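Peer 1: Sharing a structure below in structure tokens format, with a few things to ask.
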């Protein structure tokens, strides 16, 4: 009979099959009350599942990440329970866990309003407050299908027909009169599901296919306790204030419109930020000894067939035809860079060759996934490809890592999560090649004192990769940087160099992106700084204002001086009260406001005020220019006197 080994190494012997809940109760009533599920030999199981052989067991509670995920999954079932009570003819599709919550896709004969969502959430709370038990039953495939057929659940029947083997025994979870199907595990009792909030609805095609019916997707968040939920909702409220779409409109940075979905219309101030960011990256490229190149906007489909993109990626590619030839608008820059590498004979002495491009790329993203600057169809990659020998990989990766941290630190990002994705089951190349490649990436990270986690099997078929994920001031994760080894593409496109032994060899290619998409990174920065861009990035760095018309000439003279000093400055000579002007430019997040009255004109000075409302007093014009130039040149994140 089973011997259960607990995480601390202690063992418990039983003369009968036991469940995780039985073991938890054996340990103590407190643990039994907290038990959500179990992890048996590394696999999550329901609290009620029986263990009849020797096993390693960990009791899962709400304090565990897995426990919180189970709570969220069960809240999706709770949503299903509630919606079927309110609108019994609703057909349930899928209800998975997502970051911070869950959603459920439903087929309902009404457009859900905010009032409906509030009513649904109220019913969910009423049901959860009864603390009913969730009963799991394993049944035959046919029994499951019959159960859903009797309820008219056509989507559940389709899942059974298309995704579940006839030999399988699906798990049916009974929430009183409501039944849902899932692999599980789920909470044993609804007392764990009291802290949730329904958030929004959207449209979603069944199985993500636009040829299928559009369903309504209901999103929710769920947490282990009241405090966690309140904290998350507060972060959401702050995120809403920082929404780059809202700030972009307030600051007149860009717009988008229906005639060009997913394409950005940059306005002057937004384009100023873009160009400053581009200039910063270009400076770093020069420092790290990259060539800058420019590839064509589109190439013949034949090229994309050679690379494998047409076979694996064509749904995301825009195409056009001319003179009986089909062209693909590039979704990425790498094939073009290989073509540039292939021009002229290369020797091992020419390597490493570092090639960078601000590449204008297009991808046919689903319209429903488009989101401001964060998810677009037309974007600019700060892309680079390094062609090198196998022996040079480690040093080149090391240099890439230094460049990543060098650039991220400029923007104040301190929390960077790093993951190393290793060989997948289906891959090209020998085990020896993968051993060396993975070891080189790991060694480069270690040499830079960077902590990282392995993601086994998550590498591309053509090579391992490092991913860099930024965490912003709200602790949201943004995956931006990538260092990816590629043992496939150079060979596919006949790239070669002459080695030391005078034989042609295929170079290793390193794909390197740091900001990722320039558009997306500007969106991230807009939300990180809440529109209060550091002075070097701010579209307008200084506004000079007069109090009356008598100071107009002085303001114009100062404006010219600051322009000559390389400072982005505007004069505001409008016949408005100075308080009105200050408020307007404060709302526009202009870093510095210089006020000129008769006293300042007479003394040859300016009254300096920051957008945060700090009065820096009356300063000499030359001193202001010098300090501003230093702040801009150093790309400081802080303003004067901060």
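Cβ atoms are placed via backbone N, Cα and C, with glycine included.
Checked Swiss-Prot, it gives:
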| type | residues | note |
| --- | --- | --- |
| DOMAIN | 1-61 | domain 'TGS' |
| REGION | 243-534 | region 'Catalytic' |
| BINDING | 334, 385, 511 | Zn(2+) binding site |
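Please situate the listed features within the shown structure.
Peer 2: Here the domain 'TGS' (1-61) has, by DSSP, the following mix of helix, strand and coil residues: 14 helix, 22 strand, 25 coil.
Other Cβ atoms within 10 Å of the Cβ of residue 334 (Zn(2+) binding site), summed over all protein chains shown, number 24.
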Peer 1: On a simple 10 Å Cβ count over all chains shown, which one of the binding-site residues 385, 511 is most densely packed?
Peer 2: 385
Peer 1: Same chain, not part of 334, 385, 511: whose C-beta falls within 8 angstroms of the C-beta centre of the Zn(2+) site? Give them in sequence order.
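Peer 2: Checked against the 8 Å cutoff, the neighbours are 332, 333, 337, 383, 384, 484, 486, 489, 509, 510, 512.
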